[in-house]
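Colleague: Here it is: the structure, laid out below.
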Amino acid sequence: MRPAAAKVPKWLLLALSALLPQWPAASAWELTILHTNDVHSRLEQTSDDSTKCLNASLCVGGVARLFTKVQQIRKEEPNVLFLDAGDQYQGTIWFTVYKGLEVAHFMNILGYDAMALGNHEFDNGVEGLIDPLLRNVKFPILSANIKARGPLAHQISGLFLPSKVLSVGGEVVGIVGYTSKETPFLSNPGTNLVFEDEISALQPEVDKLKTLNVNKIIALGHSGFEMDKLIAQKVRGVDIVVGGHSNTFLYTGNPPSKEVPAGKYPFIVTADDGRQVPVVQAYAFGKYLGYLKVEFDDKGNVITSYGNPILLNSSIPEDATIKADINQWRIKLDNYSTQELGRTIVYLDGSTQTCRFRECNMGNLICDAMINNNLRHPDEMFWNHVSMCIVNGGGIRSPIDEKNNGTITWENLAAVLPFGGTFDLVQLKGSTLKKAFEHSVHRYGQSTGEFLQVGGIHVVYDINRKPWNRVVQLEVLCTKCRVPIYEPLEMDKVYKVTLPSYLANGGDGFQMIKDELLKHDSGDQDISVVSEYISKMKVVYPAVEGRIKFSAASHYQGSFPLVILSFWAMILILYQ
């Protein structure tokens, strides 16, 4: 008779198993995801702040450098997907001239596997998306929450998809796309595209992939970091979220450049069903290449995820063939920069002496262009969704003379707006706007850059008052009205304002805007906005209209010292 086997206590088995090394399952599969978002026409390398490259040794990004890094990773690693989360369009002269053809050409060369539609892909209307991009790319473009109707439904059918199943290293991976449902307020998609709620549209598409036995699913889209996190939490079956739109920088450890991380990379969201879902973005402007490693078990569950954005600095060489191609395409840009956009029949005063002290007609022209660029008709209750513009006087760097036929070229505008920023859309409470206008004149008379030029706003200052109490009157143009009129600013009301990205990020001391903004959507390149407005108008003649006034007691405050000096100089001359 065999002796009975001694029973080992459960607690001892658990303790021993905890001490044993945890080897990954034999069927575990690893995927490398390379990703970009919000590149905004930065085909050439740029300076560290994404403006024009002035010192090549300090410059970053560009498609020639991106190509080098992507090719290196593809050679070294077996299972690689290269994805873009939208907004390749808009941002530099490249898009102004080529209107998306350059995007299709260089994205094809880079070998992207899929792209989600961003809001800026609609900036030139649906035709400006179909012909340059959708008909020319060699990879799928995705969005599950955009639905076409009417005649457009047939025209655009099959040119973009809700999802795509890709084969990678013997496995299948599903990609579902999404686009900000606010695109009709941010761009020009027309009336025959409906932008549905992202989560409601994604869930049935993910469910469909699940019925096809696709158990590894990436949500790729362009709705901002907050929506990315909600999708990770709410959409059952999504394993990874690759996002864009909010230009979010995530990083684990010490960041390699000046961007401050909004969280660790990847950012882990606990889904409602308990799964841990990695969420990533890669900042913007092609400065970084997102690099995410994900390990799946045989059921498609994420076991681990790790990585970091790769800074594309000068330590990574630019591919010579791509660089030569860029230079060839650039010839047309150089010719364009000297072509006439339109004419002015008045002097466009962009001088420091004017724009940092009082209303200047160059500031009025810029603000009029910014509001015109945001003309939408989203609701019969509103004539437009935004009526207000602010621009820091220090950002206006040059006048344009009406003499010599008053010709305005891209080069002229580059002298006026040399910093290569964007004109963005934010939502602010009235109380924040009031603080901004107090900041505008808190050290008035010192030729500082924070003095605001405006559109859709009437402001009256009394410079004799103490700083931070100098705004006497502040009125804003209504939007929910059939006949626009100026109404007193309400402190608790939320307003939409178009402004330079520099101000949205707290530049010139406008920290209250950065800290208190309720929403921030990136916009179009500053020069492009003004150039397109001038081209549309053909002839411009902006006036000084009384948008900015000073109370009678302080009207001559800025020039008072000069008046006194002139008086005493005259006395000396008379008595010599």
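For all residues, glycine too, the Cβ spot is worked out from N, Cα and C.
Quantities reported herein were computed from a predicted structural model and do not represent experimental measurements.
As annotated in Swiss-Prot:
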type: BINDING; residues: Asp38, Asp87, Asn119, His222, His245; note: Zn(2+) 2 binding site
type: DISULFID; residues: Cys53-Cys59; note: disulfide bond
type: DISULFID; residues: Cys355-Cys360; note: disulfide bond
type: DISULFID; residues: Cys367-Cys389; note: disulfide bond
type: DISULFID; residues: Cys478-Cys481; note: disulfide bond
type: LIPID; residues: Ser551; note: GPI-anchor amidated serine
type: SIGNAL; residues: 1-28; note: signal peptide
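Can you tell me where each of these features sits in the structure?
Modeller: Annotation for His245 (Zn(2+) 2 binding site): spatial neighbours Asn37, Asp38, Ala85, Gly86, Asp87, Gly118, Asn119, Ser180, His222, Ser223, Gly224, Phe225, Asp521, Ser522, criterion Cβ-Cβ under 8 Å with sequence separation of six or more.
A coil conformation is recorded for Cys53 (disulfide bond) in the three-state DSSP classification, outside any helix or strand.
Long-range C-beta contacts of Cys355 (disulfide bond), restricted to its own chain and to partners at least six residues apart, with a cutoff below 8 Å, comprise Asp349, Met362, Gly363, Gly393, Ile396, Phe451, Gln453.
Secondary structure at Cys389 (disulfide bond), taken from DSSP and collapsed to helix, strand or coil, is strand. For Cys389 (disulfide bond), the Cβ neighbour count at a 10 Å cut-off comes to 27, with all displayed protein chains included.
The number of other CB atoms found within 10 A of the CB of Cys478 (disulfide bond), across every protein chain shown, is 16.
DSSP classifies Ser551 (GPI-anchor amidated serine) as coil under the three-state reduction. Non-local contacts of Ser551 (GPI-anchor amidated serine) by the CB criterion (under 8 A, 6+ apart in sequence, same chain) comprise Val460, Tyr461, Asp462, Asn464, Val472.
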Colleague: Can you check what DSSP calls Asp38 (Zn(2+) 2 binding site), collapsed to helix, strand or coil?
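Modeller: Assignment for Asp38 (Zn(2+) 2 binding site) reads coil.
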Colleague: Could you tally the C-beta atoms, other than its own, that fall within 10 angstroms of the C-beta of Cys59 (disulfide bond)?
Modeller: 20
Colleague: Show, in sequence order, which residues other than Asp38, Asp87, Asn119, His222, His245 on the same chain lie with their Cβ within 8 Å of the centre of the Cβ atoms of the Zn(2+) 2 site.
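Modeller: In sequence order, the nearby non-listed residues are Asn37, Ala85, Gly86, Gly118, His120, Ser180, Gly244, Ser522.
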Colleague: Name the residues of the same chain, 6+ apart in sequence, whose Cβ is under 8 Å from the Cβ of Cys367 (disulfide bond)?
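Modeller: Correct list: Cys389, Ile390, Val391, Gln453, Val454, Gly455, Gly456.
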Colleague: Between the disulfide-bonded residues Cys53, Cys59, Cys478, Cys481, which lies closest to Cys360 (disulfide bond), Cα to Cα?
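Modeller: Result: the closest of the disulfide-bonded residues to Cys360 (disulfide bond) is Cys478.
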Colleague: Out of Cys53, Cys360, Cys481, which of the disulfide-bonded residues has the smallest number of neighbouring Cβ atoms within 10 Å?
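Modeller: Per-residue Cβ counts within 10 Å for the disulfide-bonded residues Cys53, Cys360, Cys481 bottom out at Cys481.
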Colleague: Rounded to the nearest Å, what's the C-alpha distance separating Cys478 (disulfide bond) and Cys53 (disulfide bond)? Just drop the number here, would you?
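Modeller: It is 41 Å, counting Cα to Cα.
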Colleague: Cα of Cys481 (disulfide bond) to Cα of Cys59 (disulfide bond): how many Å, rounded?
Modeller: 48
